[in-house]
Amino acid sequence: MIMALAQHGLGEEAIELFEQMLALGIKPDHITYVGVLSACTHGGLMKNAHKIDPTLSHYACMVDLFGRAGLLQEAYKFVENMPMEPDVIAWGSLLSSCKVYKNVDLAKVAAERLLLIEPNNSGAYSALANVYSSCGKWDDAAKIRKLMKARGVKKEQGLSWVQIQNKTHVFGVEDGLHPQKDEIYKMMDKIWKEIKKMGFAPDTESVLHDLGVEVKDQILRYHSEKLAIAFGIISTPENTTLRIMKNLRVCNDCHNAIKFISKLVDREIIVRDATRFHHFKDGSCSCKDYW
């Protein structure tokens, strides 16, 4: 229950449940603390009060917490001082944070260490290229992508899917294969105009390529999760909850757009991405913009 509450962005409820557990005299184990750390508390209780030795999962959660708070140097020192060899998840968490805070130097270190463990990890190459792109270092980003190609490392394609009447409909970015593509694109264009009127501003920095603003706007408009939502809207009755699945982490632009869409169409939209569940309703998300 603690893990589930944490995954669904109900951090306070997760902590309350943990406290109830302690009050009832139920002894937590290492799995409990992974959930508690995921719900944004700290792990000082583990060693001192319950004599539990932290595992790689607990250390990775702490790296993630430092990184999300922007404490990148603290996160790096924490990884370097771990009593066991850091794994892919620890270095990956640090690399993701470097991408958010555009720390090129630390991103290079994290990517190099991650690739020593998993040389064919496409996520590490992509994350480093994206850090370069977000800082306007287009030549360096291009070199990383060329290196991926030379080493035969393929980037995983972003896909989203929705199930309507027991049939699964899969979408990619700017997908043109769906038999109802004209209706889907027409609906997405309408939604795009309406949410802009409501105050939505496309995050063109999310498009990590050296392109014009109008081209970036179009790419963002037709991201896979947005197309899946547009299809869900035209395929289901009003007030129906939409459930979207995605194989990668939802991008900043889509996350912000879906908040506006949930308010525009007056529906709950649940998105399960690579890291968690997002419950969008009335213009807000259960993750509180922290994912």
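FYI, residue positions are counted from 1 along the chain as it appears here.
Including glycine, each Cβ sits where the backbone N, Cα and C put it.
All annotation found in TrEMBL is predicted automatically rather than curated by experts.
The shown structure was predicted, so the numbers you read here are calculated from the model rather than taken from an experiment.
Copied over from TrEMBL, here are the features:
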REPEAT    1-28  repeat 'PPR'
REPEAT    121-155  repeat 'PPR'
DOMAIN    199-291  domain 'DYW'
Same-chain residues at least 6 beyond the ends of the repeat 'PPR' (1-28) whose Cβ lies under 8 Å from its Cβ atoms: 34-36, 38-41, 50, 52, 276-279, 285-288, 290-291
Integer mean pLDDT for the repeat 'PPR' (121-155): 91
Secondary structure tally of the domain 'DYW' (199-291) (DSSP, helix then strand then coil): 38 helix, 16 strand, 39 coil
